[in-house]
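Comments concern the structure below.
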Ligand code: SAH
Ligand code: SF4
Ligand code: F3S
């Protein structure tokens, strides 16, 4: 008789890279006899894969751990682990504040998770190293299984840019790229398991240097894989957009016409204080060049309002930049002070001023998003169908420009790309008909 498999529950916070990392941790624990469960109550081990980017994100960890107390009380041999960026930033403090936490593992050392789990019999475990060896060398080949048609694939990690507000260079470490042959082998395995679209991930993905031709070179190689139909990448930094990558948006059919290119602010004074090392004008010229290569490219961005020292005039410059770019999609945040970052030491903008600016910016961005969606009505687009919709007979997928699209379609279209004519636009999705 074999033992019943142990059950692992993973809760993921933060960015897409954490989604990718959670999957890899689950695969690594699979080798230890763990299967994934979607119920914390059932689990023999709970892992929280955490995010440290803003104060609210980091606080969630402690409230979530609080909610888990009764589970641990009911099942004393339940293992509780904290992974991700809060683990990296506050590992020792978590261990001190939360005696029920058994292990803490950082984003660059989670290949050691199986070994840490085995050592729990000797006591609590902490590993927040930035090991010299890459975790990717240790993690097993992606086990073959049926997969959703879209997948994330980390190609680059870490950040050397040190924006004055940001914890990522401290939690993820220095910029590292995976060799392109490894990335290509992983992409091939994903395609064999049913993946049609990959999103290449990196904190500064366009600083990728695991291929002589940079990210554009890697995209060119990936485009040769039969069965891989769509390629996306995120997140890019404006200073790393090179000519080859801009050109690829015009030349490479599999490279989708959507780009997330954060600018954070529109005032040069604030950009300088943020240590962004680019100004508003150079960002706007860059977008002009991208649009010259691919006129219908959908632009997305990130914005921070209320950065220390931001005046009403500075904020107005952000609104002006947004007016000029016309974003299809965007994410905006109130500045949040992060311990250990330079901007945390500076005089802060009032919370109510931040809230009021965020509301104005979000109103403008959501107007632009609606306009971008409405501009799709009447157009024929490619849609990669992913799953059934809410209405009977309906399927949901993503268009080339990354809009959610609903259409009446047979279930067999799941995992297939079909042509759809867009007939109407609702606030967060489009509706269309198969052509
Ligand atoms: N590497 C990416 C994204 C980093 S984090 C980049 O360079 O753009 C994602 C977004 O969170 C950032 O683009 C920024 O808009 C936001 N962010 C980061 N630190 C923040 C902070 N301290 N307060 C508020 N928003 C922050
Ligand atoms: Fe953070 Fe700036 Fe690096 Fe992006 S580029 S991860 S915002 S430090
Ligand atoms: Fe958060 Fe770490 Fe990603 S801080 S945004 S999980 S890199």
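Backbone N, Cα and C atoms are what each Cβ position is placed from, and that goes for glycine too.
Residue 51 ([4Fe-4S] cluster 1 binding site) counts 21 other C-beta atoms within 10 Å of its own C-beta, drawing on all protein chains shown. TrEMBL lists 15, 51, 85 with the feature [4Fe-4S] cluster 1 binding site.
Residue environment of residue 166 ([4Fe-4S] cluster 2 binding site) contains 22 other Cβ atoms, counted within 10 Å of its Cβ in all protein chains. Reduced to three states, the DSSP call for residue 166 ([4Fe-4S] cluster 2 binding site) is coil. Annotation source TrEMBL lists [4Fe-4S] cluster 2 binding site at 159, 163, 166.
When pLDDT values are averaged over the domain 'MTTase N-terminal' (6-122), the model yields 95. According to TrEMBL, the feature domain 'MTTase N-terminal' maps to 6-122.
Per TrEMBL, domain 'Radical SAM core' is recorded for 145-371.
Summarising the annotation, TrEMBL assigns domain 'TRAM' to 374-435.
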Of all the binding-site residues here, 85, 163, which one's CB has the most other CB atoms within 10 A?
85
Rounded to the nearest angstrom, how far is the Cα of residue 85 ([4Fe-4S] cluster 1 binding site) from the Cα of residue 159 ([4Fe-4S] cluster 2 binding site)?
13
Neighbours of the [4Fe-4S] cluster 1 site 15, 51, 85: Cβ within 8 Å of the Cβ centroid, same chain, sequence order.
13, 14, 17, 18, 50, 52, 53, 57, 84, 168, 171
Roughly how many Å lie between the Cα atoms of residue 15 ([4Fe-4S] cluster 1 binding site) and residue 166 ([4Fe-4S] cluster 2 binding site), rounded to a whole value?
14
For the C-alpha pair, I'd like the distance in angstrom between residue 166 ([4Fe-4S] cluster 2 binding site) and residue 85 ([4Fe-4S] cluster 1 binding site), rounded off.
12
